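Reviewing the structure listed below.
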Amino acid sequence: MIKWSGKPTIRVRNTMGQRLEEFKPLKPGIVRMYVCGPTVYDYTHIGHARTYVAFDAIKRYLVLRGYHVIHVQNITDIDDKIINRAQRENRDWREIVDEYSRDYFDMLKKLNIKVHIHPRVTEHIKEIIDFIQGLIDKGYAYVAPSGSVYFNVDAYPEYGSLSGRFHPEDWRQEEDVLREKKNPYDFALWKAWRPGEPYWEAPWGRGRPGWHIECSVMSSRYLGEQFDIHGGGQDLIFPHHENEKAQSEAYFSKKPWVKYWLHTGYLTIRGEKMSKSLGNIIPFREAAKKWNPSVLRMWLLSAHYRTQLDFSEESLAQAEANLRRIRGTVSELTRMLERATPEGRISDDELKAIEDTSHAYLEFHEAMSNDFNTAAALASILKLTRLVNSTIIPGEYYTAGMLALRLYEEFNSVFSVIDDVLYGSAAPGGETVEKLIELIVSVRQELRKRRIYDIADSIRSELSQLGIRLYDHPGGKTTWRIE
Ligand SMILES: Nc1ncnc2c1ncn2[C@@H]1O[C@H](COP(=O)(O)OP(=O)(O)OP(=O)(O)O)[C@@H](O)[C@H]1O
Ligand SMILES: [Zn+2]
């Protein structure tokens, strides 16, 4: 039983230390959040969408709790994968970047994800060069004979603390350049130019940035030398985030560089990670043809962000059915509130409904405060929906209904799946459609009064085909909802 004592304290599970911790941003009231964005060399898939929607919901909940959140999500627009694709297709690498960044932005728009700053690597080359030079000057990096620059992992004693890999044999990376590195676990900050590749001039020779350095540079450029949340999929913990952390703490001589490291679980398909390299992806643009983006959001948020979520048509159908039920209920609740005149007093039955609504409200916040558990939060909303349908709407409980509507609004400010029902018209197509439905319902009432039941029934089934469900209540009253 949850006890009421205002909104619960927010706790987050920090990958660093593997603990649930109280959430307290470095600067009161402001949350600075950096999420690793895509390498734009192919179409965005629903596995990426899972990670971006998860951090969007985290941001939205923090905003709901009164924080100002600055959300930075980068675009990796130069990388081996981009260069390889350009060479394979005999195209300019910038064309590849343009095409797939458009696809990425389109996905963000459809999913209603609003990132504040989208920094690109190629627009920060000077800052990257300065950062690498700083690491060389401080003795954390060295220039190899080829002109590539590597981070000297031995100079940073805490290496491995984020990923929990404490043995150097687990740190091996970038095996293709073993020969010129001091140790098999050092990683590239700058990659020397090879013919046919794009390059920029640097003090140690022409080349391009390695992958990890960009996030250290761009996050600090927009969020400062220390910030609150760093996110990405769990595949990024090692080596990407381990390397980012090593570079940044070495460069800024400040700890911790990031206060909370948050990582999403994989979206899988038949138990396997959805990934371009495994060839099992569902591009977002294909998924969006089949399912409304709000259904996709609902489905992606139906699991806690840290757990694995397996793709299946059935789980999407379940999400669609849940969303339909919530939409229908909210639209009917809104109409009930327009219609019902507040009573001068609250009955005991309504008081019980108010208590139950307030309980659902608390459960929702408990769930979201407990490491942003959207799965449990959704369960509380489905419970509320049962209550609204079974008690609040039939009883025309105005006060309980207003409280329920407030909870739906808070739910939607995190899930963003019923904006149109709450803030647009309750019926698709606008007020006119709603008025037409009311007209048809009243004509049908008249038919029933005159006992012309066959026509009344066929009107009901025709409307049902259009997704408009009529409910005949004892006493002759009819209510409707769009499903
Ligand atoms: N199947 C997945 N489930 C959840 N998050 C994912 C999945 N695949 C990628 N991500 C996340 O999406 C973000 C962008 O990833 P990135 O562009 O590096 O993908 P990628 O590694 O090129 O994709 P792929 O794994 O398909 O080759 C990262 O935070 C990454 O962790
Ligand atoms: Zn990154």
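Placed from the backbone N, Cα and C atoms, the Cβ positions cover glycine too.
Note that this is a predicted model, so its numbers are computed, not measured.
Taken from TrEMBL, the feature Zn(2+) binding site covers CYS36, CYS215, HIS240, GLU244. Feature annotation from TrEMBL assigns ATP binding site to LYS276. Under the heading coiled coil, TrEMBL lists 309-336. According to TrEMBL, the feature domain 'Cysteinyl-tRNA synthetase class Ia DALR' maps to 363-422. Annotation source TrEMBL lists motif ''HIGH' region' at 38-48. For 273-277, the entry in TrEMBL reads motif ''KMSKS' region'.
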*asked:* Measuring Cα to Cα, how far is HIS240 (Zn(2+) binding site) from the residue listed as 'ATP binding site' in Å?
replied: 18
*Around the Zn(2+) site (CYS36, CYS215, HIS240, GLU244), what further same-chain residues have their C-beta within 8 angstroms of the site's C-beta centre?*
TRP211, HIS212, GLU214, SER216, HIS230, GLY232, LEU236, HIS241, ASN243
*Mind checking which residues of the chain, 6+ beyond the ends of the motif ''HIGH' region' (38-48), have their Cβ under 8 Å from one of its Cβ atoms?*
75-77, 79, 81-82, 84-85, 96-97, 100-101, 103-104, 107, 233, 266-267, 273-276, 281-285, 287, 296, 300, 311
*Three states by DSSP: which one describes GLU244 (Zn(2+) binding site)?*
helix
_Helix, strand and coil totals (DSSP H, G, I; E, B; other) for the domain 'Cysteinyl-tRNA synthetase class Ia DALR' (363-422)_ = 51 helix, 1 strand, 8 coil
*DSSP three-state call for CYS215 (Zn(2+) binding site): helix, strand or coil?*
helix
*Under DSSP, is LYS276 (ATP binding site) helix, strand or coil?*
helix
_Let me make sure I understand the structure: which of the binding-site residues listed (CYS36, CYS215) has the fewest other Cβ atoms within 10 A of its Cβ?_
CYS36
_Given the binding-site residues CYS36, CYS215, LYS276, return the subset with CB under 6 A from an atom of ligand 2, ordered by sequence, or none if empty._
CYS36, CYS215
*Cα-nearest neighbour of the residue listed as 'ATP binding site' within the listed binding-site residues, CYS36, CYS215, GLU244*: CYS36
*Which binding-site residues, if any, among CYS36, CYS215, HIS240, GLU244, LYS276 have a Cβ under 6 Å from ligand 1, given in order along the chain?*
CYS36, LYS276
